[in-house]
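S.K.: One structure is given below, represented as structure tokens, and several questions about it will come after.
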Amino acid sequence: MTTSTTGVVVQGTGGVWEVYTEQGERFSASMRGRLKHEAHGALKLAVGDRVTIARDAQHAETWAITDIHPRTSKLARRMPGGRYGERIVVANLDQVLVVFAAARPDPHPRMLDRFLVIAEANGLSARIVINKADLVSPEVSAALFADQMAAGYPVHHTSIHTGEGLEALRDEVEHRSSALSGPSGVGKSSLMNALFPGLDLRTAAVSDAVNKGRHTTVGAMLHPLPHGGFIADTPGLREVGLWGIEAGQVASCFPEFRPLLSACRFADCIHTVEPGCAVREAVEAGDVSPGRYESYVKLRDELMGRS
């Protein structure tokens with residue numbers, strides 16, 4: 001009888017964590033002893049963490065988490081509601097798929113920039129998924145997201161109704177650990193169901209009154225994929241707070257800014273009012289999007305406490 005095994009935390013509720021093992025089994029486990037004590041301090045178990053679990057010698061059906069393996073990455077954001085602190089959304093990711101809708105709800109490119117900066121700040125590669133692509137023309141969709149495409153982000157146009165883009169996106173997700181992130185109502189759960197029908201995730205319609213989706217995912221859940229890899233459906237976020245990044249680091253989270261930073265006249269240039277700023281000169285020359293620059297200024301001001 002196996003007494004211990006390793007696996008990945010795929011869900012957590014009320015101190016009980018569901019662990020998916022390397023053998024493809026699922027067990028419910030809780031933290032005990034040292035780990036339980038440390039969980040009230042700096043150590044926070046998260047969905048996506050790799051753990052070792054052991055069977056209780058007295059109760060064969062009871063499992064305990066005995067070790068949390070070192071993380072390779074994490075997707076973290078500020079605690080919601082104005083509280084100070086970090087909330088780890090998912091651990092050990094390879095990439096983030098930032099999902100926005102072409103319409104219903106209307107996309108907000110500046111909000112998209114915020115999601116992209118969070119991925120960059122966490123050292124994660126990001127892909128943009130423009131869902132509900134059948135609701136607008138390709139020309140309209142391209143214009144809405146032109147700034148981010150020009151910044152070099154891979155962009156996928158998808159539709160669960162026409163099947164557009166699903167196969168190509170599936171190829172980029174299989175055998176990797178990915179998280180779908182984005183605002184409410186953009187169709188993340190429906191998209192995951194279309195990519196991998198066996199997941200059977202709950203979905204909800206978009207409210208015509210507010211043009212915002214109702215939350216259907218109540219916490220991050222990691223789903224094993226049929227041919228290897230995991231995909232996480234994260235809750236729809238109305239409030240996305242930056243965490244783990246200083247104001248002076250925001251510029252480096254814009255890929256199109258990075259080649260310019262060393263060309264500024266002053267080493268401590270903050271790219272707002274200084275003479276000889278290569279970033280501002282690129283904006284004026286049309287080489288950097290004014291909209292993306294606006295996002296930079298707003299996010300930097302937010303971290304400086306000026307927003």
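Placement of Cβ uses the backbone N, Cα and C atoms for every residue, glycine included.
Annotations per Swiss-Prot:
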type    : residues                                                                     : note
DOMAIN  : 82-240                                                                       : domain 'CP-type G'
BINDING : N131, K132, A133, D134, G182, P183, S184, G185, V186, G187, K188, S189, S190 : GTP binding site
BINDING : C264, C269, H271, C277                                                       : Zn(2+) binding site
S.K.: State the Cα to Cα distance, in Å, between G182 (GTP binding site) and H271 (Zn(2+) binding site), rounded to an integer.
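M.R.: Computed Cα spacing between G182 (GTP binding site) and H271 (Zn(2+) binding site) is 28 Å.
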S.K.: Taking the Cβ of each of the binding-site residues and counting other Cβ atoms inside 10 Å, which one has the highest number: A133, V186, C264, C269?
M.R.: V186
S.K.: Compare the Cα of S184 (GTP binding site) against each of the binding-site residues C264, C269, H271, C277 and report the nearest.
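M.R.: The answer is H271.
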S.K.: What does DSSP assign K188 (GTP binding site), in three states?
M.R.: helix
S.K.: Would you mind listing, in sequence order, the residues at least six apart from N131 (GTP binding site) in the same chain with a Cβ closer than 8 Å to its Cβ?
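M.R.: Result: V99, F100, A101, A102, T158, S159, I160, V186, G187, K188, L191.
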S.K.: What is the number of other Cβ atoms found within 10 Å of the Cβ of C277 (Zn(2+) binding site)?
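M.R.: For C277 (Zn(2+) binding site), the count of other Cβ atoms within 10 Å is 21.
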S.K.: List the Cα distance (Å, whole number) between C264 (Zn(2+) binding site) and A133 (GTP binding site).
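M.R.: On Cα coordinates alone, these residues lie 39 Å apart.
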S.K.: Are there any residues in the same chain, six or more apart in sequence, whose C-beta is under 8 angstroms from the C-beta of H271 (Zn(2+) binding site), and if so which?
M.R.: A251, F257, C264, C277, V279, R280, Y296
S.K.: The domain 'CP-type G' (82-240): mean pLDDT?
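M.R.: Value for the domain 'CP-type G' (82-240), mean pLDDT as a whole number: 85.
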S.K.: Have a look around S190 (GTP binding site) and count the other CB atoms within 10 A of its CB, chains all included.
M.R.: 18
S.K.: Measuring Cα to Cα, how many angstrom lie between C269 (Zn(2+) binding site) and A133 (GTP binding site)?
M.R.: 40
S.K.: Is it possible to get the count of other C-beta atoms within 10 angstroms of the C-beta of K188 (GTP binding site)?
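M.R.: If we count other Cβ atoms within 10 Å of K188 (GTP binding site), we arrive at 28.
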S.K.: With a radius of 8 angstroms around the mean position of the C-beta atoms of C264, C269, H271, C277, what other residues of the same chain does the Zn(2+) site pick up?
M.R.: L260, L261, R265, F266, I270, T272, E274, G276, A278, V279, R280
